[in-house]
C-alpha cells in the first residue's frame with residue numbers, strides 16, 4: 001500500500017512539475033521500497049537466531065534486491081510514460097496553443113471585408129507632386145516651340161542641291177505613301193502611351209518623366225538641326241516658299257509658332273506651312289522609340305504581346321519612313337541612339353538613389369542631371385507597374401450624391417449640381 005501511495009503521488013508530481021521531477025520521484029520510490037524490504041529481512045534473520053547463515057542470506061538478498069530494484073524501476077518508468085502521454089494528451093486539449101478554429105492554427109489570418117476605399121500600401125507611397133509635372137510639361141512646350149522656330153530658320157538656309165548619298169536609297173525603291181503610314185503608326189503608338197499613363201497608378205510621375213525626357217531630346221535636336229543643315233532627302237517633296245530678302249526675325253518666329261499647330265506632320269493636307277530641313281535627327285523616330293520605351297517600362301511585365309507590338313510598330317514606322325525618303329538613314333540611327341541612351345540613363349538614376357548620390361557617378365556630369373535630382377529627389381525605388389481608374393468609385397458616388405432634382409411643381413425636374 002505504501003508503494004501504491006507513492007506511485008499515485010508521483011503521478012500528481014508529473015502533472016505539476018514536469019518530466020525531470022518524475023524521474024527523480026520514481027527512483028526515490030524504488031529506494032524506499034528496497035529499504036523497507038531490507039529492514040524486514042534483517043528483523044526476520046535476527047528473530048530466527050541463526051547468525052551463521054546471515055552472510056549467505058545477505059548475498060542472496062542482495063541479488064534478489066537488485067532484480068527487484070530493476071523490475072520496480074522498469075515498471076515505474078513504463079507507467080510514467082503511460083501517465084505522461086495521457087497527461088500530455090489531456091493537457092493539449094486545454095493548452096494555449098490549441099486551434100481556435102477546426103483544422104486551423106492561430107497563425108492563420110482572418111480576412112475581413114470592410115466597405116470603403118482600401119488603405120494605401122507600400123506601392124502607393126509615392127508623392128504625386130503635380131507641380132513638378134507642370135514644370136516638366138512647360139519645359140516640353142518650350143523645347144517643341146524651339147524646334148519649330150529653329151526649323152523655320154533652317155528652312156531659309158538648307159541647301160537647294162541633290163539629296164545626299166544614302167545606301168538605303170540606292171538599294172530600294174521609293175514608296176511615296178510610306179511617310180503617311182509612318183505618321184499614322186506614330187500617332188497610334190503615342191495615343192496608346194497616353195492611355196497607359198492615364199490609367200497608371202502613378203500617372204503624375206510617368207507623365208513628368210515623359211515630358212522631361214522629351215524636352216531633353218527636342219532640346220538636343222535644336223542643336224543638331226542648327227549646326228548642320230542638309231538638303232532634302234526627297235526631291236519631289238513640296239516645301240513652302242522661302243521668305244528670301246523679306247525674312248525678319250519676327251516673321252521667322254511667327255511662322256515657326258504657326259507650324260506648331262500642324263504638329264510637324266504631313267497628314268493634314270490643308271496645312272499652309274510646310275517647312276523643310278529638320279533631318280538630323282529624326283523627330284518621327286523620336287516619338288516612335290520613346291513611346292515603345294515607355295510602354296515597355298510601365299506596362300505589366302506579362303503583357304508580352306503589347307511590348308512586342310509596340311516595338312514592331314516602331315520598326316515598321318522607321319522602315320517605311322526611310323523607304324519613303326522622308327529621312328536619311330543616319331537621321332534614324334542617331335535618333336534611336338539618342339532616345340535609348342537618355343531614357344536608360346535617366347531611369348537608372350531615378351530608380352537607384354545610391355547611384356544618383358554616389359561620388360563616382362559619371363552620369364552626374366550630364367547637363368540635365370541637376371533637374372533630374374530635383375524631379376526625382378523624393379523617389380527611392382523603381383515605380384511599380386500598377387494601374388487604377390483615374391476617378392475612383394467613391395468620387396463618382398459623391399458626385400452623384402450632390403445631384404438633386406430642381407424644377408417646377410408639375411414634375412418637370414432637371415438635375416443640377418449644388
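Including glycine, each Cβ sits where the backbone N, Cα and C put it.
Keep in mind that TrEMBL annotations are predicted by a computer and have not been checked by a curator.
Note that this is a predicted model, so its numbers are computed, not measured.
Note on TrEMBL: of 99-118, 279-298, 339-358, the range annotated with the feature transmembrane segment is 279-298. Between the listed ranges 206-227, 360-381, 382-403, TrEMBL ties the annotation transmembrane segment to 206-227. TrEMBL lists transmembrane segment at one of the ranges 68-89, 134-155, namely 134-155. Checking TrEMBL for transmembrane segment across the ranges 44-63, 304-323 points to 304-323.
Residue counts for the domain 'Sphingomyelin synthase-like' (276-348) under DSSP (helix as H, G, I; strand as E, B; rest coil) come to 56 helix, 0 strand, 17 coil.
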